[in-house]
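Asks: The structure follows.
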Amino acid sequence: MKDILLGVNIDHIATLRNARGTTYPDPVHAADIAERAGADGITVHLREDRRHIRDRDVRLLAETISTRLNLEMAVTDEMLAIAEQVSPAFCCLVPEKREELTTEGGLDVAGNQALISDACTRLADAGIAVSLFIDAEQRQIDAALACNAPYIEIHTGQYAEATTEAASHQELERLIDGIRYAHQAGLKVNAGHGLHYHNVKPVAAIPELVELNIGHAIIARAAFDGLDRAVADMRALMQEARLSAQRA
Ligand SMILES: CC(=O)[C@@H](O)[C@H](O)COP(=O)(O)O
Ligand SMILES: NCC(=O)COP(=O)(O)O
């Protein structure tokens, strides 16, 4: 079984910076620390309201990181044009509502097939690998296949927000089934949202997963332990989970 990769989302370094309008902490500096601590990639979400990551951050990250940039964005002409200019290795298309505190669910690919298919084609023509951020539903997975997206990222928010052991187990089973179905259909499958140090291992153990994108929990832990340690500890948990699954 292959190692599982860690994409570190540094959105909330920018949240802290923007809280006072200072130049620090700089997401570009954070990306360097995360990469040296073992991050396999850097993820940022350039939201339409620029509440955290700003256009300058995306441009400089694309020019400076050593691993690869995963740019999360809404399916809009503005964002597609920015992606074509910046040319990140990956673009992950996500749903976005201005009033949301954070991403609340997966992209409705099935209900917006033509729009998202056109966006996938436009990004692929620019040499960018496209990932669609979707719920673990067969209908959405089939729609992602029809859009010729090479990757999907399964939304793990409901699993992360489960409040009982039974609900958590039920959500994990739903993730396992969806991820297996997508893998067998030929998609490369990532996952993310709401994962932290106490819920990541069961997800990291899912053998068909390529990468986890994790941000909020790592940046929160960094406030106490430092970013390098927070990244290294998360990566160690993920590798432990994979090794245990291999031995099982
Ligand atoms: C798509 C997703 O689940 C996150 O990567 C997203 O970036 C969350 O948005 P915030 O970082 O603004 O919470
Ligand atoms: N796509 C998920 C991501 O990039 C990070 O989400 P979170 O760990 O900040 O919830």
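Each residue, glycine too, has its Cβ placed from N, Cα and C.
As annotated by TrEMBL, active site, proton acceptor applies to His45, Glu72. What TrEMBL records for His193 is active site, proton donor. Residues or ranges marked as 3-amino-2-oxopropyl phosphate binding site in TrEMBL: Asn9, Arg20, Gly194, Gly215, His216. What TrEMBL records for Asp11, His12, Arg47, His52, Thr102 is 1-deoxy-D-xylulose 5-phosphate binding site. Annotated site 'Transition state stabilizer' per TrEMBL: Glu153, in sequence order.
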Asks: Give me the long-range Cβ neighbours of His193 (active site, proton donor): same chain, 6+ apart, Cβ under 8 Å, in sequence order.
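Replies: Spatial neighbours, sequence-distant, of His193 (active site, proton donor): Thr102, Thr103, His155, Thr156, Gly157, Ala160, Asn213.
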Asks: Could you state the CA-to-CA distance between Glu72 (active site, proton acceptor) and His45 (active site, proton acceptor) to the nearest Å?
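Replies: Cα to Cα, Glu72 (active site, proton acceptor) and His45 (active site, proton acceptor) are separated by 4 Å.
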Asks: Using a Cβ cut-off under 8 Å and a sequence separation of 6 or more, which residues in the same chain sit near Gly194 (3-amino-2-oxopropyl phosphate binding site)?
Replies: Thr156, Gly157, Tyr159, Ala160, Glu161, His216
Asks: Where His45 (active site, proton acceptor) and Asp11 (1-deoxy-D-xylulose 5-phosphate binding site) are concerned, what is their Cα separation in Å, rounded?
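Replies: So the Cα of Asp11 (1-deoxy-D-xylulose 5-phosphate binding site) lies 6 Å away from that of His45 (active site, proton acceptor).
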Asks: Under a threshold of 6 Å between Cβ and any atom of ligand 2, which of the binding-site residues His12, Arg20, Arg47, His52 are retained?
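Replies: With ligand 2 as the reference and 6 Å as the Cβ limit, the list is empty: none.
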Asks: When you rank Arg20, Glu153, Gly215 by Cα distance to Asp11 (1-deoxy-D-xylulose 5-phosphate binding site), which of the recorded positions ends up on top as the closest?
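Replies: Of all the candidates listed, Gly215 is nearest in space.
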Asks: Suppose we screen the recorded positions Asn9, Asp11, His45, Glu72, Thr102, Gly194 by Cβ distance to ligand 1 with a cut-off under 6 Å; which survive, in sequence order?
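Replies: Among Asn9, Asp11, His45, Glu72, Thr102, Gly194, near ligand 1: Asn9, Asp11, His45, Glu72, Thr102.
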Asks: Please classify the secondary structure at His45 (active site, proton acceptor) using three-state DSSP.
Replies: strand
Asks: Taking each of His12, Arg47, Glu153 in turn, which of these recorded positions have a Cα lying within 10 angstroms of the Cα of Gly215 (3-amino-2-oxopropyl phosphate binding site)?
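Replies: His12, listed in sequence order.
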